[in-house]
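Chemist: Per TrEMBL, active site, proton acceptor is recorded for 39, 265. Positions annotated as substrate binding site by TrEMBL: 133, 314. Per TrEMBL, domain 'Alanine racemase C-terminal' is recorded for 244-366. Taken from TrEMBL, the feature N6-(pyridoxal phosphate)lysine applies to 39.
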């Protein structure tokens, strides 16, 4: 039996992360910098580890979703700028100031109540150019009063593209309209001698499909971690990205099971022939989607495809070792060998798969 210290863990490939940063840098304008998106624990990988490495190589701005994510970075020694992309209640203004965080203004009402605290807050103003989620309407009438609030130190104006990943004619037209609205309001503000500060519009697919745009920053998320959101690689810019994470689980048991026996929970998996069934020490509580059960999903050991069988359990999953029954107990098996394919099976995106990786998983830095 092979001895391993952890039941299941993430392998984090530092060199792949550094490689992806360089690839992105080479494909954006020289004057544009990277604002690394490390929200949702760096998409399930480990926000602190990722941010420490990126800050060391010169990344000077990070983006998170919540104030708690931002504070966690500060408490772990990150000193670079941190932008909170989501809403923060004005009751947290003291934390924004104490930890020197930059808050997104998500609406004109949000701006009003932040200013009403009477405490100076660093902000970026988000404008709604057509996604219609967060942001202020891109008009001078809506925006100029916010710039006049005495306690809001607005250091940037940004927006978010809703269809940058869609190269259909309809998708492109929507994106072009958003870009035009953003450029127009930035130009109008500058004509009014308003200091808009930093500008940024593109996230991952904005980089892949509209790399010619030149703003102060880009906000790569999923591509920073070496993935596209899905298995459809229909993008204008094909980058040589390397996945930065793999998930491994230990083979903890294997048994020869007779035909006619049921496998795991329920009666939906009955063997029609004798099989060697293995147990991996990972389950849906660790981020393996339960509805992958009994489908097309395979794990991998030394290039051998091993089908999953039965229902995925909270802490364990069963695999069919019939074609590789000589695999020794204790070995670590790759349980997410192709995250893009798995997301396609799930009818979702890779962002969801990896950001749902559970907190019980250990970490091995490679």
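Numbering starts at 1 and runs along the chain as it is shown here.
Keep in mind that glycine also has a Cβ here, set from the backbone N, Cα and C atoms.
Note that the coordinates shown come from a computational prediction; the quantities given were computed from them, not determined experimentally.
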Chemist: Provide, as an integer number of angstrom, the distance between the C-alpha atoms of residue 39 (active site, proton acceptor) and residue 265 (active site, proton acceptor).
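Modeler: Residue 39 (active site, proton acceptor) to residue 265 (active site, proton acceptor), Cα-Cα distance: 35 Å.
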Chemist: Rank the recorded positions 39, 133 by how many other Cβ atoms lie within 10 Å of each Cβ and give me the one with the fewest.
Modeler: 133
Chemist: At the level of the C-alpha atoms, what whole-angstrom distance separates residue 265 (active site, proton acceptor) and residue 314 (substrate binding site)?
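Modeler: Their Cα atoms are separated by 11 Å.
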Chemist: Please compute the mean pLDDT of the model over the domain 'Alanine racemase C-terminal' (244-366).
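Modeler: When the pLDDT values over the domain 'Alanine racemase C-terminal' (244-366) are averaged, the result is 95.
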Chemist: Enumerate same-chain residues with a sequence separation of six or more from residue 314 (substrate binding site) and a Cβ-Cβ distance below 8 A; give 'none' if the list is empty.
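Modeler: Long-range Cβ contacts: 283, 284, 285.
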